[in-house]
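Engineer: Quick paste of what Swiss-Prot says about this protein:
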type: DOMAIN; residues: 1-141; note: domain 'Globin'
type: MOD_RES; residues: Lys7; note: N6-succinyllysine
type: MOD_RES; residues: Lys11; note: N6-succinyllysine
type: MOD_RES; residues: Lys16; note: N6-acetyllysine
type: MOD_RES; residues: Lys16; note: N6-succinyllysine
type: MOD_RES; residues: Ser35; note: phosphoserine
type: MOD_RES; residues: Lys40; note: N6-succinyllysine
type: MOD_RES; residues: Ser49; note: phosphoserine
type: BINDING; residues: His58; note: O2 binding site
type: BINDING; residues: His87; note: heme b binding site
type: MOD_RES; residues: Ser102; note: phosphoserine
type: MOD_RES; residues: Thr108; note: phosphothreonine
type: MOD_RES; residues: Ser124; note: phosphoserine
type: MOD_RES; residues: Ser131; note: phosphoserine
type: MOD_RES; residues: Thr134; note: phosphothreonine
Amino acid sequence: VLSANDKANVKAAWDKVGGQAANYGAEALERTFASFPTTKTYFPHYDLSPGSAQVKAHGKKVADALTKAVGSMDDLPGALSALSDLHAHKLRVDPVNFKLLSHCLLVTLAAHHPADFTPAVHASLDKFLASVSTVLTSKYR
């Protein structure tokens with residue numbers, strides 16, 4: 001459960017992302033594909049080279065979903081229900097991949113905002129991304 005302080009930290013961190021959200025989403029995906037090559041199996045029809053239009057487009061989808069989640073921290077299941085259905089029933093993404101992408105997103109945020117990435121902010125973002133991952137995998141059961 002996210003505390004009021006966690007929610008404030010997440011909102012402040014995401015506000016600093018600003019107009020770079022789609023780029024950070026794409027960068028996090030690129031990090032995920034490079035660090036965990038098995039994640040590429042879900043994108044056989046994509047050009048997965050760094051900077052590809054398809055990776056950028058999917059990075060924007062990731063960023064848009066996270067922006068929606070940041071704005072709906074009090075109702076993540078409601079905000080992410082359709083996305084959970086999609087990943088569980090149609091795409092059948094292995095739930096571990098959400099944790100891998102979350103880790104790469106944390107690395108991306110830390111790389112771009114090192115001064116703002118305090119231990120408290122890191123912990124809050126980690127809890128938030130874990131909550132998002134839990135919601136996205138909730139329809140698997």
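Every residue number used here counts from 1 along the chain in the order it is shown.
Including glycine, each Cβ sits where the backbone N, Cα and C put it.
Help me picture where these features are in the structure shown.
Structural biologist: Here the domain 'Globin' (1-141) has a mean pLDDT of 94 out of 100.
Other Cβ atoms within 10 Å of the Cβ of Lys7 (N6-succinyllysine) number 16 in total over all chains. According to DSSP, Lys7 (N6-succinyllysine) is assigned to a helical segment.
Taking the Cβ of Lys11 (N6-succinyllysine) as reference, residues of its chain lying under 8 Å away and at least six apart in sequence are, in sequence order, Val70, Met73.
Counting only residues at least six positions away in the same chain, the Cβ atoms of His113, Asp116 sit under 8 Å from the Cβ of Lys16 (N6-acetyllysine).
According to DSSP, Lys16 (N6-acetyllysine) sits within a helical segment.
Taking a C-beta cut-off of under 8 Å and a sequence gap of six or more, Ser35 (phosphoserine) has these contacts in its own chain: Leu100, Cys104. Classification of Ser35 (phosphoserine) by DSSP places it within a helix.
Residue environment of Lys40 (N6-succinyllysine) contains 13 other Cβ atoms, counted within 10 Å of its Cβ in all protein chains.
The Cβ of Ser49 (phosphoserine) lies under 8 Å from the Cβ of Val55, each on the same chain and at least six residues away in sequence.
Around His58 (O2 binding site), a 10 Å sphere centred on its CB holds 18 further CB atoms from the protein chains shown.
Non-local neighbourhood of His87 (heme b binding site): Val93, Leu136, Thr137, Lys139, each in the same chain, at least six residues away, with C-beta under 8 Å from its C-beta.
The number of other Cβ atoms within 10 Å of the Cβ belonging to Ser102 (phosphoserine), over all protein chains shown, comes to 20.
In the three-state DSSP assignment, the secondary structure recorded for Thr108 (phosphothreonine) is helix. Annotation for Thr108 (phosphothreonine): spatial neighbours Tyr24, Glu27, Ala28, Arg31, criterion Cβ-Cβ under 8 Å with sequence separation of six or more.
Within the same chain, residues at least six positions away from Ser124 (phosphoserine) with a Cβ under 8 Å of its Cβ are Leu2, Asn5, Asp6, Lys7, Asn9, Val10, Ala13.
Neighbour density for Ser131 (phosphoserine): within 10 A of its CB lie 19 other CB atoms from the protein chains shown. According to DSSP, Ser131 (phosphoserine) is assigned to a helical segment.
If you draw a 10 Å sphere around the CB of Thr134 (phosphothreonine), it holds 15 other CB atoms from the protein chains shown.
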Engineer: Express the distance between the Cα positions of Ser131 (phosphoserine) and Ser102 (phosphoserine) as a whole number of Å.
Structural biologist: 11
Engineer: In whole Å, note down how far the CA of Ser102 (phosphoserine) lies from the CA of Thr134 (phosphothreonine).
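Structural biologist: The separation of the Cα atoms works out to 12 Å.
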